[in-house]
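Peer 1: Per TrEMBL, the feature transmembrane segment maps to 20-38, 58-80, 87-104, 156-176, 191-209, 221-241, 247-266, 287-304, 324-343, 355-377, 397-415, 424-446.
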Amino acid sequence: MDSFSMFLNPYMNAHQQSSIVEILALSTLVPLLFVMRHSLGFNYHHHNGGGEFRSRSLWIYFSRLAVDFVFLIVPMLLIFTVLEEQTYTWTVILGVLLLLFGISKRFVGSSTDSKSSESFRANITSYRVIVMEVACLCILAVDFEIFPRRHAKSRMYGISLMDLGVGSFALTNAVVSKQARGISSLSLKDASGAIIPPLAVGFGRLILTKSVHYGVPAGEYGVHWNFFFTLAALAMLASFIRIPTNYSAISGLLILIGYQCWLSKGSNSYLLSNTRGDDIISQNKEGLFSLFGFWGMYLIGIQLGNYLFFGRQLPSSNNESNKWIKIKISCLSVIFWLITIALDKYVESISRRMCNLAYVTLILAENLQLLAILMVSDSLRESSKTSTLEEAVNRNLLATFLVANVLTGLVNMLMDTKSASPMVALSILLAYAFLTSIAASIPHFYGFRLKFW
């Protein structure tokens, strides 16, 4: 991309499109990398409850971080770039290896003695880190030629790896939200803590793009809108429109059905057209109207989180209960994949830009698949503790994402990414990924926490 920053301009047109089969493969391969890391069971993170690393040796801490980087981030980056044509092959190879390892482990009677509740927390952490790391790697990789165009954001309809990012951010926030945990009444402090950070970043991005007269394609979210405003708006809706958790999913479904009916009656043409008036709504029609889709998804995510994790089914030492939770997540993922295929074919094609019904069910299917793979693979864990890198990123999601955007901008200002050779591009991406990991790890080492979603 000729832009100097995906922070300023995260929009990219895909000349090709990924298929649902490829998205399925990527959504399997990435969590399997984390399962592989968990099965090794060495250099795990140990914390003292406040997030501060127990060992005060910075050398030991970063040696553990380096191990995690090699086993988690490097393979992900290679799969998204130079090894992108071998996605299916590596999915099968890694799946078979882990299956054989699981069989051998069960045969010798080896099992972890960790508590199920700790394993549950580790799986949620891995899930959130996967969403963040994929987003961080892609926002710079998309600027280089080694990143396949079919993984870049689609213009109107279609599906790609980068199309999954915005929806997954919203859903991960909902699944672990206070509402999902059963906390119906939020204090003003809690609401402000969820609303102000993304709102501030959104205005910062808007001011920066306008001050440097940078042309941001309006087709992404609108002339002034950006996804940080969407995150802030979702936090506002969740804070001030109190829908009981038990009615959250049905409310979200009704919103989505009503929104899809509105789109199918011709409003989709309005949202996808380049024509816009002078009023603020028309100027930002994509961002404003897609809020209906994101809000519906968010409400469904709240009840899913409560039903699967934080309600009466909260994982405990009851293995039978945990087994049923894994079955439920796996079945829900399959159901949502089937619904997505049907909606995409018979109602309206998947569109991230409008956040239509097919896009929402796609995000639900893909995210539940990630969770299902992580949870079903519990038996392969050598420990219920999380790796150092996972814990650091999870506790500093905001810092990680902002640093990734800033570094992306710096790279694009300092070089022409399109002319970079594959070797140069890969070297830059590896250095960028490592610096992003360091940015999350330093606050973690000293006990700081910078997170709002």
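Just so you know, glycine gets a Cβ as well, placed from its N, Cα and C.
Are these features on the surface or tucked inside, and what are their neighbours?
Peer 2: Tertiary proximity for the transmembrane segment (156-176) is limited to same-chain residues at least six positions away from its ends with a CB under 8 Å from its CB atoms, namely 12, 14, 17-20, 23, 26, 80, 124, 127-128, 131, 134-135, 138, 142, 150, 227, 230-231, 234, 238, 272, 294, 297-302, 304-305, 309, 349-353, 355, 359-360, 362-364, 366-367, 453.
For the transmembrane segment (221-241), same-chain residues at least 6 beyond its ends with a Cβ under 8 Å from one of its own Cβ atoms are 10, 166, 169-170, 173-174, 177, 179, 186, 190-191, 194-196, 198-199, 201-202, 205-206, 276, 280, 283-288, 290-291, 294-295, 298, 302, 453.
Long-range Cβ contacts of the transmembrane segment (247-266) within its own chain (Cβ-Cβ under 8 Å, at least 6 residues beyond either end) map to 179, 292-293, 295-300, 302-304, 306, 347-348, 354, 356-357, 360.
Under 8 Å from some Cβ of the transmembrane segment (324-343) lie the Cβ atoms of residues 20, 24, 304, 308-309, 313, 315, 350, 357-358, 361-362, 364-365, 368-369, 371-372, 375-376, 378, all in the same chain and six or more residues away from its ends.
Counting residues 6+ beyond its ends, the transmembrane segment (355-377) has Cβ neighbours under 8 Å at 23-24, 27-28, 30-32, 34-35, 38, 98, 102, 120, 123, 126-127, 130-131, 159, 163-164, 167-168, 170-172, 175, 256-257, 259-260, 263, 268, 290-294, 296-297, 300-301, 304, 325-326, 329-330, 332-333, 336-337, 339-340, 343-344, 347-349 in the same chain.
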Peer 1: Short question: most Cβ pairs under 8 Å with the transmembrane segment (58-80), which of 20-38, 87-104, 397-415, 424-446?
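Peer 2: Comparing 20-38, 87-104, 397-415, 424-446: 424-446 has the most Cβ pairs near the transmembrane segment (58-80).
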